[in-house]
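Have a look at the structure below, then the notes.
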């Protein structure tokens with residue numbers, strides 16, 4: 001006996017709206033349910049007028065259930081008594097319960113007594129079970145399935161956004177869109193306005209009643225005048241549309257399959273275009289960069305070469321790193337694309353000529369080779385220019401000293417003063433000439449040094465060699481002329497010497513001692529002012545030691561100076577004592593005591609200056625040594641750290657710890673820790689720049705160069721990115737092929753077990769043992785030790801596993817596992833092939849069958865049918881690529897969907 005309030009459930013859904021009076025709202029639920037019942041009862045030739053009265057005897061209730069279920073109920077009681085009515089209602093309620101509906105608190109007495117809440121609750125239960133529960137759209141059912149069906153059907157229509165079964169339908173456009181989607185000839189949708197809901201609703205209700213045999217269950221004014229129309233009334237009415245159009249569901253499923261296939265194809269085409277563009281841009285950049293790096297035209301100045309070095313540093317720090325990332329991303333995109341093509345059963349992607357990954361790697365290798373040579377050339381050129389600047393300054397200094405010394409010497413040698421001179425004057429001239437010859441011989445070394453420096457400048461290709469050569473030639477010619485004039489004057493004096501006997505020995509002694517001392521002072525001044533260039537502390541210490549040794553000779557030199565001045569003083573004393581008639585100057589030399597004292601004072605002034613210069617250079621070399629140690633300390637930490645990380649990544653890529661997602665998460669955390677290390681690399685770059693700015697070319701404190709660190713860092717970033725990509729592709733393969741985590745672990749465990757040297761690859765014998773451990777029967781024929789299987793080996797492997805290896809079949813399999821026709825099969829390709837054999841993927845026959853459904857079983861399809869059944873962008877995609885149909889049953893505008901379907905899978909040309 002069923003009495004009390006109604007609570008029912010269909011499957012697992014609980015319904016208790018009628019117990020709260022929700023069926024008596026302003027929208028007219030009784031009228032809606034009455035119209036729904038009559039839409040079925042009229043099939044039996046009857047109807048109801050009052051829903052709470054006409055079902056009281058149970059007869060029309062039983063008749064309604066027979067019509068909507070298509071089954072016969074128990075024979076009804078025809079009596080008019082209350083007991084007969086209760087019996088009929090109980091038979092109807094028992095039938096409802098037999099269909100899986102749990103009726104709670106619905107009693108036959110309440111129905112017989114005309115309880116409107118219980119009656120409406122019972123009718124809603126029937127509607128849920130027989131009109132809504134069986135609705136199924138893409139793995140959703142009942143209310144959710146009906147809502148998804150409405151959303152899919154109204155998606156192409158403007159101003160329609162179905163999100164629920166109440167306010168989304170108030171403007172009437174949703175009902176009109178459903179009708180127009182399936183029967184576009186019944187409604188001119190373009191003339192409907194969102195601001196005229198009454199017209200829209202009445203149009204939909206009238207058309208549905210007249211042409212679709214759907215009774216008018218709702219009132220347009222009630223819907224517009226209610227803030228929130230009743231959800232159950234709307235669902236009841238909308239379900240009638242679903243059942244009226246259920247025949248179109250098959251076509252929708254077929255369209256969805258085609259959309260899925262076309263979306264995959266469009267995505268793959270976009271990935272191919274992106275790869276081609278990125279590869280083209282990268283190759284073009286390499287093509288432009290290599291000529292710049294190959295340019296070995298040297299600059300003439302140190303500043304210009306240092307600017308070239310700065311440009312090269314900018315290239316390594318700013319321009320190249322993004323290209324390294326682009327190259328890595330290009331390889332990742334290529335691998336991802338190939339994986340997606342395999343998973344979607346598409347042919348492998350072959351880039352256009354010259355844009356293969358191997359082509360890019362070759363071009364990149366050429367770039368790095370040229371880059372290495374360019375940096376070495378830059379450093380060598382800077383060393384050469386530094387040496388040239390030093391030599392050129394030394395040449396100019398020595399040339400200026402020599403030119404100052406030779407100034408007036410030719411005129412002096414051409415004098416013929418001996419012709420009118422006295423005997424004493426002749427002797428004086430002869431002695432003076434001897435002193436000059438001694439001085440001339442002392443300057444011979446300087447002339448030879450000037451010539452040697454000029455020769456070295458020529459050999460080092462000094463840019464201003466012509467002017468240096470001209471000046472050197474002028475000095476050499478002048479020197480030869482001085483030698484000839486000296487010889488000629490000496491011969492003249494010696495011819496006259498026999499006539500001269502008197503000579504002032506004292507002046508001669510003065511001249512002989514003053515000239516060497518003067519030369520020594522000039523040499524000392526030259527050495528004290530000489531520029532120097534050193535690169536180590538040891539070199540500057542050597543210069544300092546030599547300078548200290550020089551300073552130790554100054555006391556003896558001072559004694560020599562006093563002795564020479566004593567000779568001059570003695571001459572003056574003799575002249576004053578004996579009143580000798582002298583001209584007042586030494587006839588044998590032009591060196592005066594004042595000149596000796598002046599040069600001596602100059603030497604004493606240059607000594608502390610030299611001390612200061614050596615001290616400053618020593619401090620600079622100490623600073624350079626600190627820079628070397630600072631860089632070496634960091635490089636000796638960063639270099640091994642990079643190597644350790646590379647080894648750890650290698651171990652992570654072959655070990656098994658957790659799921660692939662766990663490994664991917666671990667790798668990404670690892671990648672983050674590596675990226676966080678970047679500031680230390682930047683700090684080392686800063687130290688390296690300081691070293692280069694200080695022109696430091698060697699470092700005994702470390703074996704690592706900045707280039708080693710850069711290359712190692714770039715390889716580390718590339719390796720972690722590639723490893724992450726490999727795990728992502730394994731996840732794609734696992735999910736797409738349905739491989740369980742246990743299977744993936746078994747494959748990896750076997751692989752690691754036979755990878756004896758932990759290299760991440762298997763040799764031929766290791767690979768054979770691995771396959772046998774997985775249950776494959778592989779012959780014992782010897783393998784070539786390449787880590788892969790060649791064509792014959794792979795054929796034998798497949799035959800041993802039960803494959804029929806005809807030539808055509810084997811060619812087909814080889815085209816899958818070896819799309820690049822390299823003649824070898826990698827372990828990853830073998831696993832992809834084995835998992836692909838059991839995967840459920842779309843085929844050309846399935847797509848052909850879907851098109852045939854859309855075409856109404858015709859061998860061709862029309863443009864209108866494509867545009868009606870497919871989204872606009874994918875419909876136009878098909879129209880643009882389908883060939884005209886040429887069969888005997890062709891009509892104007894017919895398109896050949898069969899050849900189009902086979903082309904999607906590479907079985908013909910698209």
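The backbone N, Cα and C atoms fix where each Cβ goes, glycine too.
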Among 177-204, 205-232, 233-260, 261-288, TrEMBL lists coiled coil at 261-288
Matching 356-390, 391-425, 426-460 to TrEMBL annotations, coiled coil lands on 426-460
Other same-chain positions with a Cβ less than 8 Å from the coiled coil (261-288) and lying at least 6 residues past its termini are 323, 326-327, 329-330, 333-334, 336-337, 340-341, 344, 346, 349, 351-352, 354-355, 359-360, 363-364, 366-367, 842, 847, 874, 877-878, 904
Across the domain 'Calponin-homology (CH)' (140-246), DSSP labelling yields 65 helix, 2 strand, 40 coil
DSSP assigns the residues of the domain 'Calponin-homology (CH)' (27-131) as 69 helix, 4 strand, 32 coil
Averaging the pLDDT values of the coiled coil (426-460) gives 86
